[in-house]
Amino acid sequence: MAGAEDAPGRQPELDEDETAEGRRWGAQHAGARELAALYSPGKRFQEWCSVILCFSLIAHNLVHLLLLARWEHTPLVILGVVAGALVADFLSGLVHWGADTWGSVDLPIVGKAFIRPFREHHIDPTAITRHDFIETNGDNCLVTLLPLLNMAYKFRTQSPETLEQLYPWECFVFCLTIFGTFTNQIHKWSHTYLGLPYWVTVLQDWHVILPRKHHRIHHVAPHETYFCITTGWLNYPLEVIGFWRRLEDLIQGLTGEKPRADDMKWAQKIK
């Protein structure tokens, strides 16, 4: 699925003696090339395993939820769907903010596996549109395995009476995991301007999922706002109360670490 995004916004100032070559953003940026090269066969294998397990569990749990469905559950199920979308949106923002703002690619294990894609994305925002389904969704599938496994265990071990009582809660958890699983796919669609399925553009236009115009706000350096990337519903209210800025001030005051220092380092790489 190919696409092109508008320029990622104003970028960090570079020294005057840097060449035009060093000022390029996108796939030819020195930092983007280095980060892309860190994607390893081992990482690919982990993503494949995560996707297969995740979607197997989704299918298993969905069948059980459908078999247990009753009309009288409808109001609580609707509430669970909305609540699941809201919680998923907040969690997507929390993870996105944490990975964008703190840590380093040099950290053991999580650096190359988890933080690396966030650094690459700010330098080359359209790289995500060149990622296939496995690379796009592998990490999110890994994260949602635990709640999906727990749900499958309950369906296998709990009595019908207990499952009847738990049904609204399990619908909430299932919706939360579905939105969580597809968050990066939704994020990819927000960067894709050509060839999107019609139903995806409808969901974006209705703001059921993250719209393309909405997400552009985040891609203005230094990438310090609008972190929620599932539905984007919480971005404006969190910005109004200065939620992320207050968290950053608190952490910087306690640790002395400067927000987005590693992100800026990669953005300024020229060779």
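Placed from the backbone N, Cα and C atoms, the Cβ positions cover glycine too.
Lifted from Swiss-Prot, the feature list:
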REGION    1-25  region 'Disordered'
MOTIF     187-191  motif 'Histidine box-1'
MOTIF     214-218  motif 'Histidine box-2'
SITE      HIS96  site 'Essential for catalytic activity'
SITE      HIS121  site 'Essential for catalytic activity'
SITE      HIS122  site 'Essential for catalytic activity'
SITE      HIS187  site 'Essential for catalytic activity'
SITE      HIS191  site 'Essential for catalytic activity'
SITE      HIS215  site 'Essential for catalytic activity'
SITE      HIS218  site 'Essential for catalytic activity'
SITE      HIS219  site 'Essential for catalytic activity'
TRANSMEM  48-68  transmembrane segment
TRANSMEM  75-95  transmembrane segment
TRANSMEM  166-186  transmembrane segment
Chain residues in Cβ proximity to the transmembrane segment (75-95) (below 8 Å; excluding those fewer than six residues from its ends, i.e. six or more beyond): 69, 167-169, 171-176, 178-180, 183, 227-235, 238, 244
Residues of the parent chain within Cβ reach of the transmembrane segment (166-186), under 8 Å, 6 or more residues beyond its termini: 54, 58, 61-62, 65, 68-70, 73, 76-77, 79-81, 83-85, 87-89, 91-92, 128, 133, 136-137, 139-141, 143-144, 147-148, 151, 154, 158, 209-210, 229-231
Which recorded sites sit within 10 Å of HIS215 (site 'Essential for catalytic activity') - Cα, from HIS96, HIS121, HIS191: HIS191
Rounded mean pLDDT for the residues that make up the motif 'Histidine box-2' (214-218): 93
Among HIS96, HIS122, HIS191, HIS215, HIS219 [recorded sites], residue with fewest other Cβ within 10 Å: HIS219
Inter-residue C-alpha distance, HIS219 (site 'Essential for catalytic activity') and HIS191 (site 'Essential for catalytic activity') (nearest angstrom): 10
C-alpha spacing of HIS121 (site 'Essential for catalytic activity') relative to HIS218 (site 'Essential for catalytic activity'), in angstrom: 12
Cβ contacts of HIS121 (site 'Essential for catalytic activity') (under 8 Å, same chain, 6 or more positions away): ALA127, ILE128
For HIS191 (site 'Essential for catalytic activity'): DSSP state (helix, strand, coil): coil
Neighbour count (Cβ, 10 Å) for HIS218 (site 'Essential for catalytic activity'): 23
Rounded to the nearest Å - Cα separation of HIS187 (site 'Essential for catalytic activity') and HIS96 (site 'Essential for catalytic activity'): 11
Euclidean distance between Cα atoms of HIS96 (site 'Essential for catalytic activity') and HIS122 (site 'Essential for catalytic activity'), Å: 12
